[in-house]
């Protein structure tokens, strides 16, 4: 632990020394504006951005200019050039280090990426020092720390340091719950998200939005404090035009807009907004005519609370008036026109909120002109005014006092607020806006707009967590319960298709994946599972069409070549399929499913050593890739190494505990090891999960036949004929059972049906079954089953002719 901190301290000292050395010579102002470069990047003019960034670097060699040039190359899809630029300089800033680490990850230089991010102490990080290291990353990278932690977790997952990677993912999610990839990595790796999704995607966990939406010094990071306005700080009531009476929405001038590529927002004075503020130690009070947002309830749109919350009104109705009582019997009221415009536009919530924190209040020229309808009366020092008051005891100022002008500078202390200061002597001279600042209220509004999105992420996260646990039925129900607009998206539909594929319900999987292609024809994610479902259902035409669509869409996607490989595999062109699966691995060497498909093809072609190598690479990339564990078990079963086969099948079953297919293969291995009772128990559990699984029922019928339980075997086979009416092996096994029972004519009928369905595949098995030396009927030794040259089965009695 001490060694770790010493390394960190030394690294920081060296970084600071380089930074100070770089600042010795003050550079001249750049001849190229960085804003022009960002403007080109924002409009995808990458060649122009690179050209301008190179001019900037020639005049101004610093971390900022280097970062800008590397960003131009990286965004244009050239990470190698960006890596060369950054690695050739002694970079100091954290954003340069982050971009360099990102380039290293893209170029598969994981150890170098870890060195850049951790500062040469990556090998010293252990479970005990992980927390302190993560805090160091947070302090070093600031608002970018969630993304830095996500990148470090990716490196640690790949280097098989799962406990460190899981800790980094959890912290990244805590800081920024919008990082869905971190949550997905935890689920896919079998690590339970801590806390649960119901607590991860919760707005109450966010202290500010700096690490979620970027830095905003006025809204996101303003602390909760009391905001004071002295009388002297209030702007004068000078006569001006209506446009000048509006709130001045100033924009902070910071380098963040340049570095992020986002230009500062310049308000339109014709559409400026204003805020009602009530002084004297009371809450900010705003009159709002609409209790709810006029927009449709959705995330980012929320019901607005009444007068105690911050509201935005039109400039025409903006007045700042004291709301304290001016006499004993009646209070002054705010008078405001009602605006017909919506409070927030659906596309601009964030910008409105961010600008609220920087508003400065400018009072109109005549504060009482909008309140008193018939005459502009000036309040005397000792009396209050109420319009249309008929009480004789009330004193009014003389008409001459109405002609007195207020000096342009300060409000006279014995004018508008005279009565108030006398009633509240402790508050004399100070206008207090207590409880919440305007920026804090804007932050609360941001939280409310974010709550809808986090609520949606919470629902999707719960469903995805169930799918990652292979609770497929529950996951399907949760995905189907999402709002209709979200349910009809490619992501949700593909998740449902994946769930059905994991259940071996390939028809339903094809249905949902076809909807994905209909709604989002550009989506290539999980299309390899779509092709696998089509392969199992022997749909050659649909699979060929999918392969053509994918190659036309993106030839640099590994999913594309997996689809093409499955297409040729279905056509029994296994060598061609192997070539395309290898192409998929070449495009993305980190794709476990491509290795699994390649291993299956090698298994079909009896190249077992190559097959097991592919499956082992897949489980190294993803230890929870149960299909690869299942493939290794199939190889050992083929080699009749049943103990090893059972061990790997059970390893796959621990990952996908609801797979009836894996249980079926475990039962076959157990039956091969002369453990029929264990095999029947395993099949019983599998059929409890999937009562109509055809392979499980067939294997149970075989075991019943082997144990002499012929009626139970026939019962299973008759049910199986309804599930798979065109499967030749079912009729062949039925014929064998009828032969053992002495039902020669029924055996003959089922053997002929099996031959009709599969003349080539069933012939060898049928010849073995009708061998006269092994298949004498227990009822009549003179009767035997024979097969003619056309493949038809017939009865032969000793000494007689052929009997059809």
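Glycine too: its Cβ is placed from the backbone N, Cα and C atoms.
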*asked:* I'm validating the feature mapping. Which of 279-308, 309-338, 339-368 is tagged region 'Disordered' in TrEMBL?
replied: 339-368
_Local confidence of the repeat 'TPR' (626-659) - pLDDT mean_ = 95
*Summarise the repeat 'TPR' (728-761) by DSSP state, stating how many residues are helix, strand and coil.*
31 helix, 0 strand, 3 coil
_Secondary structure content of the repeat 'TPR' (558-591), with strand meaning DSSP E or B_ = 27 helix, 0 strand, 7 coil
